[in-house]
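Taken verbatim from TrEMBL:
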- 1525-1539: compositional bias 'Pro residues' (COMPBIAS)
- 23-201: domain 'Helicase ATP-binding' (DOMAIN)
- 347-527: domain 'Helicase C-terminal' (DOMAIN)
- 541-633: domain 'Dicer dsRNA-binding fold' (DOMAIN)
- 966-1084: domain 'RNase III' (DOMAIN)
- 1133-1290: domain 'RNase III' (DOMAIN)
- 1447-1483: domain 'DRBM' (DOMAIN)
- 1635-1671: domain 'DRBM' (DOMAIN)
- 1514-1545: region 'Disordered' (REGION)
Amino acid sequence: MTVDPPVELQNSLVSPRSYQLDLLSRAKKGNVVAVLDTGSGKTLISVLLIKHVLQDEHNKRVYSRPCIFLVPLVPLVLQQEAYIRNSCTAKVRHYYGAMGVDSWPAERWTEAFKEADVMVMTADIFKLLLNRGYFTMEDVSLVIFDEAHHARKNHSYNQIMSLHYTRCAENQRPKIFGMTASPTFAKEDSKKSIEQLERNLDCKAFTAPPEAVAAHVSKAQEEVLWYHGTSNADPPGTYFLLWHAAGAALPLLKPLLKASLEVCATLGPWCAERSLEQGVVDAALKLAAQRFQRQHNAHLQIGVDEQEQLRIAESVANLKNYITTSPHAAKGGITPHFGCISPKVGALVKLLQSYREDAEGFCAIIFVEKRSTAKILSEVVDRFPGLDFVKHAVLVGHGSGGGNALDPNMTIPQQHAIVEKFKSGQLNVLIATKVAEEGLDIRTCMLVIRFDGGGTLTNFIQSRGRARHANSRFIILADKLNPIAAIDLVGLKQEEILMRDELRGRDEDENDQLFDSQLVLTPEMVLTVESTGASLTIYESIGAVFQYCNSLPQDTYVDTKPVFQVVQCAGGFVGSVTLPMAAPISTRFIEGRLCGRTRDAKRWAAFEAAKRLHAAGELDDRLKPLRLTTVTVNDEVINEAITLARHAKEPTTAKKNAVQDFRMGTPRALAGTWNKSLTRAWLAKIKIRVPGGDEYQSTEFGILTTGEKPLPEDIFSIKFAEGAVLDISIVPLPGPCMVLDVDQVATVKRFHEMLFKGMLRSQVPDEADWALIIVPLRQCTVTADDTLAESVIDWDVANAARKEMIPVLEVPDFLDKPNIDHFVLYDRIHYRRVYLVDKVLNQHTPTSNFPTGNEKFSNLASYYKVRLGCKEDILVNQPIIEARVLPYITQGAREAETMHAAFLIPQFCMVYPLPARLLRGHALHLPAVIQHVQLRLLAMELKYESFCNSGTDEEWRVLAGTVDDLQSALTAPVTQSVDNYERFETYGDSFLKVHQTLHLFASQPKWHEGLLSEARNHLERNSALRSRAFNLKLERFISGTPLSRKAWIPPLQNDGGGLVQRLSDKMVADVVEALIGACVYTGGNVGGAKAVKKILGGSYEFDWTVYKQMLLQGQQEPTAAAKAFCEFRSSVIREVEESIGYHFRTPQLAVEALTHASALQLASEVNSYQRLEFLGDAVLGFVVTRFFFNLKPALNPGDLTQLRSELVNNQFLSCVAWRIQLPKMLEHMDSGLASAIATFGSLFDAAVEAPRLNPDQHEKNLFWTSLAASPKAAGDVYEAMLGAVFLDSDFDVEAVWRVVEKTMIDPWWHFFAASGLTKLAAAAPIATALQSAPLTVGAPPPLAEATFSDALAPSAPASTVSGISGPVVSKATGSDALTPEITKSTISSNLAPVVPAALRSPVLPQLSLPLAYKVPGELQQVSEWAAMNGCRDINNRCEQDPVTLAFTFTFLFHGREVGQGRGPSKKVAKRLATVQSMTVLPQLLAAGKCTCQVDFSTKVGKRRMLEQAALTLSSSDATLQSARPPLPESPPLSYPPQTGPNGSDVLGSVTVQRIAHNPVTRSDVPGTVTIQRTSVAPISPQTVVQVVGGSSPLPQSSLPLASGTLAQEVSNWAQMNGCKEIDTRCKQDPRTLAFTFTFLFHGREVGSGQGPSKKVAKRLATTKSLEVLPRLLAAGECTCQIDLGTKSGKRRIREQAAFAQFSYNNDMPD
């Protein structure tokens, strides 16, 4: 850019020192690396050099090149930019990654280069700009490398020099200036390090004489502070507490416990305890955050055991509560002392305490290696006695860390805030990591401590440079028992001396070496794009591949990271990289070349992948991942999407106004002019048919037009909001056109104007050029349609309209006329309105009382004076006139009978020149009729004339939609018209989505789903459709404002008149979609496609076969591997074809539809379903919308949208897919996805089981909405299969519909009908539908056979439950309602016959179960109460008062009303009805008014069984026990073990008695029941489990083994069987690195496994152990006991009781 010369230094800048000027002089002559200690003023030298270079650029060039200032770390960008900006007048700008600069296009960088003199940025950003070819090194004048010692090996500094600097001609290379405190790196030799740095940067390294620097910069005294050994104290008590009390959270806290041992040894037990406490608090916060995220993100819930997570969270919360509520926590924690910290920390504390006397000027930095160490030391300093003068803070980096209190990370603003506080003295101690060593402008310190040793020479020099205060000290802590830190310090000092000697002995002209970078790059190691100059080296290739993979579509169960593998072979290593399935097949697996090192092998594989990706078009010519904004294609539609995407990313300064004003256009049929001497005109009659009428009746009005042709004969209807319909007929009169002279034109125009001035309140203009004119017709001719036009117009009435209005009092005897109601008056005071005269009130005067009474005004005169502001004197001696306000432009079919009455003073009234009959009745409909005529003419024009240049075919030039439909499509809902575009917009939107999807899919066969979706999103935007509509001037066709007499005027020529319409982008876009929908409705897919082509234009094809040809042209022959995989999946495809009813001509499409993106290793040469899912999603939305659109009676727009959303959401699609087994057939390789699909499938199967077994019990709701969120892939596979059908059938929508009808509509429609979402009378009953189309796959599981030993005693009262005396708990109140009449009754021994479950479900009379319990304080829903108590005859109704709009909600119990509520909303009314009903229902149930039966095969029934058996309280009631027959004595029997339906072989019987209600289970089920399991073998007769409230040990051997599969964990097996002596042992071979995992049972090995990882070894050991453990347990080798008060114990009880049969068999042993 052109710079305003010269660049001057700011006045505040200090004068340069002599050594700075010397180094500046060297830098002017050549490339220099300035080696100076921290604080010696290196940056000032760079500023002076920038000034020199910019002035030189201005003198030599027209456009000066900017200077580039590079830094290695982001925090240095802002710091150095501020220093340069404050030091000179140059234009300085800064750039770093968080600003999003890596995605800036070339144009934006070009602007940035033009506006800056100095650009401060990170080296990675500069390297990226050079690599992408945005500019070259020749385009900059100076490159400054801050912290230049980083220019080593593969660092960005070195890559910039090696790749880009070498390309420049020597006379075009920019000047190089480097700055560093130490040119050495790590443990390298000083001389070699300096020479290599010089070669890498093409510089000479120089330093200043020590004495010259020492005169300005103080040097710290270097010391060693000794301490004695590490801490030998035991871990703190919290450590052992966590081990023993963590419970379920122990695996989560184990890493924390392990780390605390290291902290205890190095920092002491106090520090270890603090780390444990903080770790528990952080864990609690993390778990809470994760739970919150799962609650608000359904996909995070998939595969997560919420119960287990809840147990972990509860354990951590208990530990946190213990820690935070402990006595010392309230006091800020236990005060540390020297006995509880390590000697190392103690030495640090004593050192700080020694500065207490110098606290005023004290400032120090403590350098540590770990962030956690910094945090814990901060705690020590904060609490240790004697350190209250220390004001400290932690300073760490902003890179990746734990992000918690123990492992913090800081943002750049946080770092700068701490540094500023340290500068200002608010802080005097920083505890920092190496982030404070280099670059940051930190205050000079009197003390610098290296807590963890000296580090490298660079670390040593840079950290020591922070101690620049007078008499400052630089201290390294060293252990006397292990003095490595002190030895390193001596070595570092010797290296520094050698380095200084080497630098001092150098001269500009000696040892001048050619530029020779350490980083060797041969031509084959660089990928260069000639067209842009962009380049990529082998060292950047891995990052480029990762960046590409990150740009691919993301999925919860797809890892988009590249997979690298390195194989050792003869002569070296060969690397390979595998890319995700979203990448093209040709780029998915790439192998590199033979290399000597594994790192090089990976680089070569990535480099070959980058070259392959660029060749495939996946990397653009800037070598960036392909993005929509950078794509270049020869397709008008896609280029439009690209343009929109670019505009979307451009910064905007103001929000664009999306609403603009328009007027409805003048149709061509009305175009003309009345301003001629002789005007040709056409006349048409307006005829109206009112509701209930048989024939059209002519009105007294006609329409006069002056177009080229008469108005077309037309019939249409105006529908009003209240449901009335007015049929209109426009009948042009026969004969030639009329010829009107000037006087006649003036006459009809005047009539037209006076008619609407009287009718409207808008400003109707005079002498306007009207688009049409309303004229009066002679009453004697209006009924004849064959009358010539010249004889029809009532010229007498028309001529009368030209007369001036005459005051009433000037018309003789006007007030005495008997037909005064035939006149119209205009009151110039009374709101200046037109009034219809009713009668004259001669007995009243303006000063007499109001005829009807008025609270505010005593008489009409005062009303005129006060309210109307009349200034004239009112005559007293005159009557008043009773009149009526002219009715509003009604939207109803009939004129309102009652019109607002008004009283007028004749003094101010004038006779209006129109008869009253012309302003009554159908005249008031004229505005609506005219607007409809105008809109219909515009719709005709749009249909027949707007696309005349589109082609030669007549059918092609005409829109397919009917005029009526197009008129509806052009009418916005805001107009309050019944026929508006809402339904057509929904229909057209779905079709347009299909067409756009198909166009993108076919024209870009190589694009992945992410690019396709982004392009479609931009094409669907309202602004995109709005811009296309603007090209057609579609705004003039739209009716977008409701009719208003205050604003509407009759239409004028040249798009005038009508209403000002405020049309938003969305409204115009909706009209575009509605027009397409109207064309699809009439013309089918072809008509819709033609409408898309005509309205949107571009490269859309109306013939979809063209898209098939596009795909065929780009189609590649499947590879042999792909064919083999398809053959392998052939049997699955046949199953799919049978289930969906479609036979694939190309089976590969079905294989692709069933291939998940995670199945890369199984199907590496087959595409995943993502593209097909993109296609299927669109076509599914269309066929479903079409189905709902065509239903009769027609759904309103809201119902249509709601139903469509219910059918196309992923949850429902997952259910549809699961029913036909698609998720099970999905090919994938992700265990999480497998678990999620299996979990959802089991939930689905359980949900559909109850309604299938008992249809009467089925609740009328969409049951799948209450299931846990399904994995997205489960629904996606169904859409992908539809996409495959659509593609295979050559885009036949009907083929897709047949699949949808077979798999979705037919099996599932009855659910929607039953739910109330539809009003279809023909919906099949639920029971019939379930029998005809069962949702479960395969036969249902067998039901348990059961009888019930508890029966209702005949003598028991209605409220008595058999076999129990005690309280019955009210459901409504939750209290115990004692009933004195309840008595004990014997248990009936009469057993009901056992009926096989396959024949019927076991039922129990309702009254044998008491009322289900409800927790007090909660309002229970009636439906929940009914479900719990088995009542199936609960109904409700809701009504709304049409006048008050209040809702009345009523519950009905067996046909009788039990509760009613009334409120302003349905929700309030239902709640009031619920409260009332829940007071009555328990009483009716107890009184025996419900005869329903509980079905124990249902979920609710099983819950009641659990309430009766598994989770009850026990009692040894002697009376009840004695009533049961004695158990027969018989020897124990032995049976082979079998497995029960719940995955266990628990056998035997259990006796349970309930004596009180249980608030935990929300039930008060009393009584005694004996449960006997007969489907498997019983166990020994000793097993009778007494369920008690507390803990009841039971010998392990008396319970059978809980079954377990090989997938079961040993720990779970032990928990189920009560064994507490299961241990593990894991070892790793130090030579082979193999793991050996062993399980121990009571100290003996039972299973061992060996593998390459701990996970594999454990799995092998688990398999072996689970084969041995059941045999050992059966043999009595375990003496542990099951505590029945624990969760495991209760589970065992449920296994014995809850799923058993309710029977008592005397033939079985007890």
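Every residue gets a Cβ built from N, Cα and C, even glycine.
Keep in mind that this is a model prediction, so the values were computed, not measured.
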Segment confidence, the domain 'DRBM' (1635-1671), expressed as mean pLDDT: 85
Helix, strand and coil residues within the domain 'DRBM' (1447-1483) as assigned by DSSP: 18 helix, 15 strand, 4 coil
Winner by Cβ pairs under 8 Å against the domain 'RNase III' (966-1084), considering only 23-201, 347-527, 541-633: 541-633
Two-stretch contact, the domain 'Helicase ATP-binding' (23-201) and the domain 'Dicer dsRNA-binding fold' (541-633), at least three Cβ pairs under 8 Å: yes
Secondary structure tally of the domain 'Dicer dsRNA-binding fold' (541-633) (DSSP, helix then strand then coil): 34 helix, 25 strand, 34 coil
For the domain 'RNase III' (966-1084), residues assigned helix / strand / coil by DSSP: 75 helix, 14 strand, 30 coil
Tally of residues which DSSP labels helix, strand or coil - the domain 'DRBM' (1635-1671): 18 helix, 15 strand, 4 coil
